[in-house]
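Asks: Sharing a structure below in structure tokens format, with a few things to ask.
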Amino acid sequence: MAGSGVVTVYGNGAITETTKQSPFSVKVGLAQMLRGGVIMDVVTPEQARVAEEAGACAVMALERVPADIRAQGGVARMSDPQLIKEIKQAVTIPVMAKARIGHFVEAQILEAIGIDYVDESEVLTLADDENHINKHNFRIPFVCGCRHLRGAPHRPKGEAGTGNIIEAVRHVRSVMGDIRVLRNMDDDEVFTFAKKIQAPYDLVMQTKQLGRLPVVHFAAGGVATPADAALMMQLGCDGVFVGSGVFKSGDPARRARAIVQAVTHYSDPEVLAEVSCGLGEAMVGINLNDDKVERYANRSE
Amino acid sequence: MAIGVLALQGSFNEHIAALKRVGVKGEQIRKPEQLQNVSALIIPGGESTTMAKLAEYHNLFPALREFVKMGKPVWGTCAGLIFLADKAIGQKTGGQELIGGLNCTVHRNFFGSQIQSFEAEISVPEIVAKEGGPPSFRGVFIRAPGILEVGPEVQVLAEVPVPSDKAAKSDPAVENVEENAASEQKVIVAVKQGNLLATAFHPELTADTRWHSYFLKMLTEINQEASSSTSLSSEDLSFSEPPKYDLPIFQQ
């Protein structure tokens, strides 16, 4: 159980006798509960409180926000568990934390301290450039990044910490476009398509039947204004991650609140106009055509 | 009239999809004036803190309280249960606004965080009596609340056993109870009081629609009492609009 310090795979000590591990419905269920919400990156318990007050539906506990990771460089790792625990104490909303790609021990630690969601994130430095974490070994659910339609992605990768929405828009368009292509495909063609995108056939088939991803789809990377958030929602995302966009701006509390409102009322331009007024300075932003910018989204598939 | 689903945040799409499966149109409610167009309301699961904040920003609370007071059927799942309760414990610092009306005390995140989320077959005699079907219902509990106390006018519809280590931790009153008794301890997870229905689990996430049809019957009963001839089956169901794709629901 949480806090005992012992990490056991396949859910030893599950609450009900009927299920030894967390069923898929419970894992996906939490993501479904987060739909239509905003998940904010926070680095201190105080920021977590600001996010909660603003109406964030979850917080992502980090050591540094992506914008700082960009600015300072170095190896970015999982946050200090102590910090994550403090943030968890401070708020009642779900707390997520990032683990490096392929670093399953970091994920085990996060599971042990009772985090609600693990983000296997390309923003942190890679631990394994070929393999991802085997999520079936864990009872906690995972989020992971995607650029195209593949496997079971949760989060289209924008360029984190840039304040530039272009990459996120491109990836969401790419995912949605692929789904539209897939929906018009003959069933026989799906085999080849699944092979081409290296995704399990049954998931691809399920996506085709549903006409949408069989998982919850959150936009991330570069969301800095309420309009950015509403844009991602109108493109068909289920919710939005906001990283550096809130706490790197002039008035975090106000901006956080405005983005939360924009996600709920994403299709109502009048409300969007109202909440976008007088938010103070937005984060500076980075133009991605600049050669010096490292592209995090290219780090893994 | 259609059934409203509070669409601030959370699993409102799932509820609308479930309503569609039982043949009723769900209407998304985001603003106070939209409440006038619906005869019943579902408050979905989600983050109750977030939903309370959003409801506060858009001044929804007075309208929601009025809606409850008028005796129109309201059903809360998970976060919605917290909204309807008169008293909630385990809230964020500074508390949160509630609609109230349901005479009970709710413990937020009673079962703990995501790692303690679970699925259980719960026995639902009242639902079976009205709706038939198998004797148990597959309840999905996600960071779910639990109902600690209910008033005399509240009807208990379902309970689940409390995990024994949890009982001692969450409720200081039962600390000294022997281990055997503690493992027998149950927590209430579904209640009904007049026209208010509340569940701590998420019937919208599973394929079984008995809770949804049960809720619709509450509405029909009111309509009959008011001797109005409008029944839900005569509802205009235009399915001509393009189908809305949604997440899969989980079969048994």
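Including glycine, each Cβ sits where the backbone N, Cα and C put it.
So TrEMBL says this about it:
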ACT_SITE  B:CYS78  active site, nucleophile
ACT_SITE  B:HIS202  active site, charge relay system
ACT_SITE  B:GLU204  active site, charge relay system
BINDING   B:GLY46, B:GLU47, B:SER48, B:ARG108, B:ILE142, B:ARG143  L-glutamine binding site
COMPBIAS  B:228-241  compositional bias 'Low complexity'
REGION    B:228-252  region 'Disordered'
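For each listed feature, how buried is it and what is near it?
Replies: Annotation for B:CYS78 (active site, nucleophile): spatial neighbours B:PRO44, B:GLY45, B:GLY46, B:SER48, B:ILE142, B:ALA144, B:PRO145, B:THR199, B:ALA200, B:PHE201, B:HIS202, criterion Cβ-Cβ under 8 Å with sequence separation of six or more.
For B:HIS202 (active site, charge relay system), the number of other Cβ atoms no farther than 10 Å from its own Cβ, over all displayed protein chains, is 28.
Taking a C-beta cut-off of under 8 angstroms and a sequence separation of 6 or more, B:GLU204 (active site, charge relay system) has the following same-chain neighbours: B:SER11, B:GLU14, B:HIS15, B:ALA17, B:ALA18, B:PRO44, B:GLY45, B:THR77, B:HIS212.
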Asks: Identify, in sequence order, the residues in the chain of B:ARG108 (L-glutamine binding site) that are 6 or more apart from it along the sequence and have a CB within less than 8 Å of its CB; answer 'none' if there are none.
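Replies: Within the chain, B:ARG108 (L-glutamine binding site) has Cβ neighbours under 8 Å at B:SER48, B:ILE82, B:ALA88, B:ILE89, B:GLY90, B:GLN91, B:PRO145.
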Asks: For a quick check of packing: other C-beta atoms within 10 Å of the C-beta of B:ILE142 (L-glutamine binding site), how many?
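Replies: The Cβ of B:ILE142 (L-glutamine binding site) has 28 Cβ neighbours within 10 Å.
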Asks: For the binding-site residues B:GLY46, B:GLU47, B:SER48, B:ARG143, which Cβ has the most other Cβ atoms within 10 Å, all shown protein chains included?
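Replies: Answer returned by the neighbour count: B:SER48.
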Asks: Quick check: in three-state DSSP terms, what is B:GLU47 (L-glutamine binding site)?
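Replies: DSSP assigns B:GLU47 (L-glutamine binding site) to coil.
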